[in-house]
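Engineer: First the structure, which I've put down as structure tokens, then a few questions once you've had a look.
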Amino acid sequence: MAELHQTPTSLCCCRKSLPVSGCVRDAGRPLVAPGPGPSHGPLVDVASASNFHCYKLRHFHLDLRINFAVKEMTGWLVLDLIPVQPGVQTLIMDSHPSLLIQSIDCKVPGAAQEEPVSLTYRVDPFTDYGSSLNISLPSAAIKPGQLIQITVHYTTTDGPAIWWLDSELTCGQTRPLVFTQGHSVCNRSLFPCFDTPAVKSTYTATVRVPDGVTVLMSASRSSYSKQDRVFQFSMEFPVPSYLVALVAGELQHVDVGPRSRVWAEPCLLSCAVKKLGGSVERWLGVAEGLFGPYLWGSEFLLIDVIHEIAHGWFGNAVTNATWEEMWLSEGLATYAQRRITTEAYGEAFTCLETAVRLDALHRQLRLLGDNNPVSKLQVKFEPGVNPSTLMNLFTYEKGFCFVSYLSQLSGDVRRFDCFLRDYISEFKFKSVLAQDLINYFLCYFPELKDAAVANREGLEFERWLSGCGPPLYEPNLSAGGALTQPVQDLCELWRCSDPPDLETLSPFDLLTWSTFQIVLFLDRMLDHAPLPHGVMECLSSCYSSLFDSMNAEVQIRWLQMVVRNNFYPDLPRVRAFLYKHTSRMYTVPLYDDLIAGVMRCVAVEIFNQTQHRMHPNLRRTLQQIVFQNATTSTNQNTPALSITPPSPSVSPQPQPAATATTSSVAGTTPTIALRDVNVSA
């Protein structure tokens, strides 16, 4: 018999049953119980082609074989469905042109007809991010309330959910790696599904891989048969389709806590453990103290930022029912993240981080204008619009400001913590709308409902949700003054037409600053580009070597300064950075800046040198950036510059990547993350 290693159902240290709330309430005040869950009519999700309203998805099972040689996953999907409406003869699933459907059959468990019945189907166009799989069902088998099983045999190809990395694109450069990213509507290219956050279900999976490959999934249980090279997974809590995630490759782990484990490629593991060490359990403990027990177990707990822990409650346990209200997950998770950092690192650190993000929000508003509809919390979009395009700073930061305003209305942050705990308890494993949150808030604080705070002039809840422009309220960040004021003072010195003398700079030791302070400094200097050449020379002399030794969040901002100011002496640093980094978040902004200025030929040269090491999706994006409207010779307006390999004196050693994992489903990108993270206060 094959050796089998079974992990426990949950490694959570909170074993005891907890009351609905551990909070102290006003005397005589009853526990709020507004109902058994969300109380709204049938939802409309224009991003889904499926007829999910017609069925209850009880469970689904995936059985996949991964073939790295041809970059395919082949297998089948089994859906346990219960029709909920009479007369329905068609099942419509979200799919994708990259999915090759081989066959579909149906059976009714326990019926006299044991053999599955082959079904007819067709695939119709839907949008540029998916198609509809229309399946004709046998009328005799379809009865409301009666379970049916639909099995779809299929093969994946090059869909947007699946990222195949050849061995040379991995850190170890010895084995290929594949990972998936389902948010927002990409998992329809991994398996046919009801690809909407309005539908949640449990799932199981069987994944077959070559020898030496480890598979992780967003699941609460797993087992492995070494003899058969088969991984088994089970998610016992209902989750939306976009939270199904998978990574397979040469991966190893180290336990960094009683319920937390870091997974990474072997060459990154020690760095990841050093970064995350004892922090994970600390963050989890703080979060549980604020929002209640962590619901997901922690077998594959990989954190690239505290925000992903917060998603364990806000986004995964309670989910936005439509993509038009994505702020319900991201705004609440951002608020929760900052409550965690306040408890763990103090209010000053949280105010500093918030200042960086709100600066970015207002920078975006200056570019877009106050009347741009993407600045709404409730963004109405037409069929065919990809919900992923709505992921922006407003989703996070304007959403955070609205939640902060609700907290301010409650009168006390600890009182609001109690509200959030009970909100999670009330709606866990459900999908909700903004009105559900607001109704629960007003029922929870009846004195606020009596005071008609929802209609307070200038701060109306409806205006918060549907109005364009900046947040109507921003939290007081004065507690971060000791960290933000030195940043502002240093910016003032460098914004003059002449560089400051060294004596005036001596009080500002950037070696003692946190990453967020340096990021805030560079962001605010970027706001004032272009700078005089002499100022850029002095800035480079003072700081560029220091920035070389820091993480990519700092480096990319300095290099954007270099490009936007046409500062050619530091161009080798730009080259070195783009030779080293093939991540979208660090390459696209720099290429955008290179193309927007007089350095187009530099962008073309670097792209031609590095494109063979890029993921195909990133390569296509950069091709569009680099060669858009390129109707003239690239060296007309810029002196030709030779390509040279990164110099060891310029190209810093790779920074330790906070590669670890997030909770089984904690976060919108539960995959290996090769991005530097600095959370030190």
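The backbone N, Cα and C atoms fix where each Cβ goes, and this holds for glycine too.
Note that the structure is predicted; figures quoted are calculated from it, not measured.
Pasting the feature list from TrEMBL:
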type     : residues         : note
BINDING  : H307, H311, E330 : Zn(2+) binding site
ACT_SITE : E308             : active site, proton acceptor
ACT_SITE : Y396             : active site, proton donor
DOMAIN   : 482-626          : domain 'Peptidase M1 leukotriene A4 hydrolase/aminopeptidase C-terminal'
REGION   : 635-669          : region 'Disordered'
COMPBIAS : 645-655          : compositional bias 'Pro residues'
COMPBIAS : 656-669          : compositional bias 'Low complexity'
Engineer: Give me the DSSP three-state residue breakdown of the domain 'Peptidase M1 leukotriene A4 hydrolase/aminopeptidase C-terminal' (482-626), ordered helix, strand, coil.
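Structural biologist: Grouping H, G, I as helix and E, B as strand yields 112 helix, 0 strand, 33 coil.
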Engineer: Could you state the CA-to-CA distance between the residue listed as 'active site, proton acceptor' and E330 (Zn(2+) binding site) to the nearest Å?
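Structural biologist: Computed Cα spacing between the residue listed as 'active site, proton acceptor' and E330 (Zn(2+) binding site) is 10 Å.
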Engineer: Across all the protein chains here, work out how many other Cβ atoms are within 10 Å of the Cβ of H307 (Zn(2+) binding site).
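Structural biologist: Result for H307 (Zn(2+) binding site): 23 neighbouring Cβ atoms inside 10 Å.
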Engineer: Can you tell me which binding-site residues out of H307, H311, E330 are within 10 A of the residue listed as 'active site, proton donor' by Cα, answering none if there aren't any?
Structural biologist: E330
Engineer: In sequence order, which same-chain residues at least six apart have a C-beta under 8 angstroms from E330 (Zn(2+) binding site)?
Structural biologist: G315, M391, T395, Y396, G399
Engineer: Taking all residues of the domain 'Peptidase M1 leukotriene A4 hydrolase/aminopeptidase C-terminal' (482-626) together, what is their mean pLDDT?
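Structural biologist: Here the mean pLDDT over the domain 'Peptidase M1 leukotriene A4 hydrolase/aminopeptidase C-terminal' (482-626) amounts to 93.
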